[in-house]
Amino acid sequence: MNKKFFSRTIVRIPLIIWSLAVLYPIFWMILGAFKSNAEIYANPWGLPDSFSFSNFVNAWSNYNIDSSVFNSFIVTGLGATLTLAMAIPTSYALERMRFRGNRLLFTLYISAMMIPMVLGWIPLFFLLMQLNLLDNIFGLSIVYAVSQLPFSIFVLTSFMATIPKSLEEAAAIDGMSPYGILWKIITPLSTTGIITVTIMNMIQFWNEYFMALIFLQTEGNYTLALAIDYISNETQYTNAWGTLFASLVIAIVPVIVLYAIFQRRIVKGMTEGAIKG
Amino acid sequence: MVQSSRQRNLFLAFCLVPTFILFAVFTLYPLFNGLYYSFFKWSGASSLAEFVGFDNYRRLFSDGIIPKTIWHDYFLVITKVIGIMILSTFFAVALTQMKIKEAPFYRIVFFFPNIMSVVVIGILWMFIYNPSLGLVNSGLELIGLESWTRPWLGSEDWALTSLVLPSVWAGIGLFMLMLMGGISNISKSYYEAAEIDGATEWQQFWKVTLPLIWPQIKISILYIIITTLNGSFIIVQVMTKGGPNNSTHVMGSYLYEQAFVKYNFGYGATIGVMILILSLITVLIMQFLMRREKVEY
């Protein structure tokens with residue numbers, strides 16, 4: 001028994017070190033957001049003397065964080081809604097209805113998860129330009145929604161497969177139309193799967209950087225990730241680290257809140273999404 | 001079900017067609033069009049696209065930066081696979097087998113970086129590597145290794161290696177949880193039997209745990225390979241933009257620079273085709289190498 005206790009203590013050392021490696025930079029980023037620049041230079045890794053919100057005020061009003069937070073919320077909300085509107089009916093048809101090409105269509109959607117989309121971004125850039133959707137957060141929302149479609153279909157079909165068929169059959173006998181069955185029976189019964197998919201998509205859209213970098217151009221349209229990147233590039237010259245940290249904290253708070261509420265679902269959604277390969 | 005086949009087909013179309021049109025327009029068409037663009041010399045103005053046949057591909061093979069970007073991508077793939085798999089296997093085994101009381105705490109903490117934006121992770125680590133303020137250099141000074149301090153991201157020799165740590169840092173949690181899922185499915189009776197046979201914990205790990213979680217290990221490795229080849233350029237773009245002196249350019253960041261900074265859209269598309277082909281080949285080869293009889297006891 002003594003030996004077991006000993007080996008458990010040994011194992012704890014790397015676990016504690018890695019916890020510190022994860023938590024320390026995050027805590028310190030949050031603390032840095034409340035420090036003045038002079039404090040950051042004098043004592044970059046220590047506690048602030050007094051908590052000041054001036055960095056947040058500066059980021060919010062002088063660096064366009066306000067409009068980019070707004071844009072990020074629009075893109076996240078609209079993108080997640082659009083994904084659902086596209087994914088729910090298609091998932092239902094793929095999972096429950098027999099038609100020629102069903103397997104092929106499913107495979108097509110799923111294999112799109114493994115294809116590097118970088119190649120598609122160049123033509124997509126010109127396509128959006130032609131559609132007048134370039135440098136437009138609505139255009140970006142559509143692109144986001146389609147990009148998460150394969151993942152969403154993958155999770156929703158496997159979820160809908162667990163709903164017993166007898167419910168639909170009973171409703172059909174009572175004279176309910178297939179649209180009614182989809183909307184009043186399948187959708188409510190898939191709530192758990194829909195929530196999982198939506199949280200994953202929202203985190204994805206909120207965090208996304210590269211497509212926004214390519215498809216958005218004017219500062220007024222920047223999402224939060226772009227605005228932060230912009231501040232970060234400026235910081236090399238202005239050294240306004242406090243402002244940068246404040247904007248990082250603004251970006252990370254919604255994710256922390258979602259993680260605190262939906263920790264189990266997020267973990268499940270991500271591990272299942274990875275297992276598709 | 002009482003419904004005419006016309007009604008049924010109408011419903012089917014309602015479910016499938018709008019979604020498929022959007023998918024075709026915003027995913028399939030751009031991918032195939034990217035292939036098509038790779039045969040053109042094109043600076044973006046639509047009237048000026050000039051068909052050049054395989055010129056872009058010839059340029060690809062004579063471009064001295066291309067082999068570097070490929071090597072950098074595979075360097076990241078190899079170091080990430082090794083770093084992430086060793087650490088996450090160790091953590092997964094420790095948290096499932098050692099009966100540690102505070103295990104849920106570690107699980108929640110280790111996973112958290114997985115849901116942070118690459119921008120946040122990149123900027124955070126830029127500061128950690130900052131030559132004068134950063135944690136790495138001040139830590140080295142603290143333990144008396146001042147000669148080891150250097151401008152990590154600004155050094156041609158060290159910048160690429162410096163990108164590995166943030167990627168591992170951000171990746172551990174997900175793969176640890178995937179492996180933990182595999183380990184918790186292993187029946188306790190195998191370990192009991194092994195214990196009766198006198199197997200040490202180390203032997204139990206090699207003979208019982210590892211073979212039985214091989215499917216999860218395989219999926220994890222493939223997933224790291226795919227996400228790195230298809231996405232390593234994001235952290236590169238945030239942290240170094242391919243510099244200093246191209247020493248951290250990966251295929252994707254070089255594509256971005258060629259297409260969206262230098263407006264060589266045709267050549268950019270050619271790099272995209274290369275990324276597509278290389279990542280498909282790599283995944284196929286790895287799937288072949290890691291095929292292994294499913295172990296059942």
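In case you wondered, yes, glycine gets a Cβ from its N, Cα and C as well.
Among the features that TrEMBL reports, domain 'ABC transmembrane type-1' is placed at B:70-286.
According to TrEMBL, the feature transmembrane segment maps to B:12-32 (among others).
Positions annotated as transmembrane segment by TrEMBL: B:74-96 (among others).
Sequence-distant contacts of the transmembrane segment (B:108-128) (same chain, at least 6 residues past either end, Cβ-Cβ under 8 Å): 91, 134-136, 153, 165-166, 169-174, 176-177, 234-235, 238-239. According to TrEMBL, the feature transmembrane segment maps to B:108-128 (among others).
What TrEMBL records for B:158-179 (among others) is transmembrane segment. Sequence-distant contacts of the transmembrane segment (B:158-179), counting only residues of its own chain at least 6 positions beyond either end whose CB sits under 8 Å from a CB of the stretch, comprise 72, 75-76, 79-80, 83-85, 87-89, 91-93, 95, 107, 110-114, 116, 118, 121-122, 124-125, 129, 150, 152, 213, 216-217, 219-220, 223-224, 228, 232, 235-236, 239-240, 243-244, 247-248.
If you look up TrEMBL, you'll see B:221-240 (among others) marked as transmembrane segment. Proximity of distant same-chain residues to the transmembrane segment (B:221-240), defined by a Cβ-Cβ separation under 8 Å and at least 6 residues beyond the stretch ends, is recorded for 73, 76-77, 80-81, 84-85, 118-119, 121-123, 125-126, 153, 159, 163, 166-167, 171, 175, 248-253, 255-256, 275, 278-279, 282-283, 286-287, 290.
If one looks beyond the transmembrane segment (B:265-289) by at least 6 residues along the same chain, the residues whose Cβ comes under 8 Å of a Cβ in the stretch are 34-35, 37-44, 49, 52, 56-57, 59-60, 66, 70, 73, 77, 221-222, 225-226, 229-230, 251-252, 254-256, 258-259. Look at TrEMBL and you will find B:265-289 (among others) tagged as transmembrane segment.
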